[in-house]
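What Swiss-Prot says about this protein:
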type	residues	note
ACT_SITE	Glu193	active site, proton donor
ACT_SITE	Glu304	active site, nucleophile
BINDING	Tyr124, Asn192, Tyr336	(1,3-beta-D-glucosyl)n 1 binding site
BINDING	Glu193, Asp234, Arg239	(1,3-beta-D-glucosyl)n 2 binding site
DISULFID	Cys106-Cys135	disulfide bond
DISULFID	Cys248-Cys390	disulfide bond
DISULFID	Cys276-Cys307	disulfide bond
DISULFID	Cys424-Cys474	disulfide bond
DISULFID	Cys426-Cys528	disulfide bond
DISULFID	Cys433-Cys498	disulfide bond
DISULFID	Cys451-Cys456	disulfide bond
Amino acid sequence: MTTLSTIWLFLITITAIFQLGLSSNVTTIIDDDNNNNNNNNNNADDFLEPQIETIKVIGNKFFECESGHQFFIKGIAYQKTRQEGEIYDTTKEPHYIDPLANPFTCLRDLDYLKELGINLVRVYQIHPNANHDVCMNAFAEAGIYVLADLSEPTISIRRDYPHWDTEIFNRYQQVIDSMSNYKNLLGFFAGNEVTNCQSNIDASPFVRAAIRDCKKYINQQGYRKIPIGYASNDDANIRKNLANYFVCQLDEDEDKGQEHLNSQADFFAINVYEWCGYSTYTTSGYRDLTTMFKDYSVPVFFSEFGCNIITPRPFTEVEAIYGSTMKKVWSGGIAYEYFEEVNHYGILLTKKDGSITKLPDFDTLKMRFHAATPIGITMDEATICEPPICSNSVIDDKSSSSSSSSSFWDVALTLPPTPNEAKCECLWQSLSCVVSEDATFDEEVALRELCFKVDCEDINANGRSGKYGRYSDCNPTVRTSYALNKYYEQCGKKQEICDFQGRGELLPNRNGGLQDLENKFSSDGQNCLSLLEGKEEEKEVQEEEPDVPGLPGSNKGKEVESTPKRKGKGKSKEKEKGKLIEEEEEEEEEEEENNKTPSSGEKSPKTSKSIAGGNAITFKNDSIWKTFIEILFTCSAAILI
């Protein structure tokens, strides 16, 4: 009896241990599943896209895409500038400050921006290689949109020496690539006060060309339709002319027949400082502006406002801008500005330790913005206004008193061509005497000097006559090198001529001229000889890599890619898209296979891993357990017998 009791006790103990182990493992599996689910939920929250509606243009109004409500801009200029003598790492940072690339400052400022009651910030300088995810997503969560300028101080269309070239276009493309995926990006400015008086109205065709080519680029990259417009100064002599010019329809716009590919501005903005102190709708000139734009075909708003002749500023113009009369014409405005600078327009002061102090203007502007609650029309009520055909009489608009001083709009209705980097790469390869890589000088000054000595028709661009040289779209270094090489050849290829007072150099293995280009190609595979002769024939891709030296940039120390277009993150070249899609589909199938519920007779990979990793006694399968029990019972029976 004692032996039998011992055997049965042994069997019960083994069974209990097994059940305890199985129970422990089941508990472990459940805990692991719960932890994994929690982790998955946390990861989903981390990558959850901010719920903010994109803004679109219909007629002369902005609208929220999903709700269909009219959108009024209540914004502030958000741009910090470097102080004189400021020390920073030039190898890692540009010479300007991108306020959306610094999470510390933008998250610090976010509470103040929300308190202010704004729904948009204007950023004048974007660093295209920086990551903007933290700031842009945080702003989106707070319901704040962004209007970004495409230019930066050293790469922009100059009013005194305008060109639309490869360097500027590359810059614009990079900014578009870096910002286009954010839903709270309202749009881009292609220029800011490029034309600011009658003497430089010939710079405006270059801005329209920029609008045209950026729209085309956005379409080619498959981005959503992002509005692109222009910010003008408030010169009473030309503001109506400029407004008419940027929205009228050119012949080339009619040929395209597609709104998203034309050169017309999607919106027009004005930097207005007419309302000072406790002015009025009439005395400030706001009434005249509103009358001027009452039938305008695209949205119009104040890209800057906030006269500071009287301080602290009462910002009484805010009530008028969003009032019953002006809201029918204007889509709001952007107060100038957030950061206190040397010009004393700021509403907050940044201290050296990074802390913020409110200035008196902050609370006043906050009060005005919170009191402004305009209600506009719905998307269904929007009216599409057909823009007029461009002509000097239409642009002059003699019915406007502000343009009476202008005899005529003496600017050609022909725009500069789209910059062709492949052509400029090939031109560079044809030159033997070029601007020295180590030289530091103003390209414009050098060109003025050289063009007194040689004919520069091929690199000149004239917005008044509408004549654009075949190489006028190349960057300043290539244009200057072209003129220097021409002078060098004209003077018998004397080395001292190429030296150009220490600013030029001879490149080895360059004979110069077109005869050297038959076996050279641009970075996109075009034959250089055909390209420069105007044939622009495509060359089949050869097994050997084409000889493509990098295209120089006009800013020394700045890396300039030789490819005609620079892709942004998240976007692949057309030839890579198919491969990427296949890889993504394979990854999705593999993920589904791993996460699917196991069918009868199968074991979940996750369950197997959890059991194997437990501390309790485990068995690989049920057959081993059954065999073990049978052996125990057999031994028990033998002992009893």
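Just so you know, glycine gets a Cβ as well, placed from its N, Cα and C.
Here the structure is a predicted model, which means the values were calculated and not measured.
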Query raised in the report: What Cα-Cα separation, expressed in whole Å, is found between Cys433 (disulfide bond) and Glu193 (active site, proton donor)?
Result: 37
Report summary line: Note: among disulfide-bonded residues Cys135, Cys276, least Cβ-dense neighbourhood at 10 Å is Cys276
Report summary line: The number of other Cβ atoms within 10 Å of the Cβ of Cys528 (disulfide bond), counted over all protein chains shown, is 27
Query - CB contacts for Asp234 ((1,3-beta-D-glucosyl)n 2 binding site) [other CB atoms within 10 A, all chains] - result: 18
**Report entry** Diameter of the (1,3-beta-D-glucosyl)n 1 binding set by C-alpha atoms, the set being Tyr124, Asn192, Tyr336, in angstrom
**Finding:** 14
**Report entry** Packing count at Cys106 (disulfide bond) (other Cβ atoms within 10 Å of its Cβ)
**Finding:** 21
Report task. Would you pick out, from the disulfide-bonded residues Cys433, Cys451, Cys498, the residue whose Cβ has the largest number of other Cβ atoms within 10 Å? Result -> Cys433
**Report entry** Residue, out of the disulfide-bonded residues Cys248, Cys390, Cys424, whose Cβ gathers the largest set of other Cβ atoms within 10 Å
**Finding:** Cys424
Query raised in the report: For Cys426 (disulfide bond), which DSSP three-state class applies?
Result: helix
Query - Shortest C-alpha distance to Cys456 (disulfide bond) - which of the recorded positions Tyr124, Asn192, Asp234, Arg239, Glu304 - result: Asn192
Report task. Starting from the Cβ centroid of Tyr124, Asn192, Tyr336, the recorded (1,3-beta-D-glucosyl)n 1 site, name every other residue in that chain with its Cβ within 8 Å, sequence order please. Result -> Ala77, Gln79, Arg122, Asp149, Ala231, Asn271, Ser303, Glu304, Glu337
Query raised in the report: What is the one among the disulfide-bonded residues Cys307, Cys426, Cys456, Cys474 whose Cβ has the most other Cβ atoms less than or equal to 10 Å away?
Result: Cys474
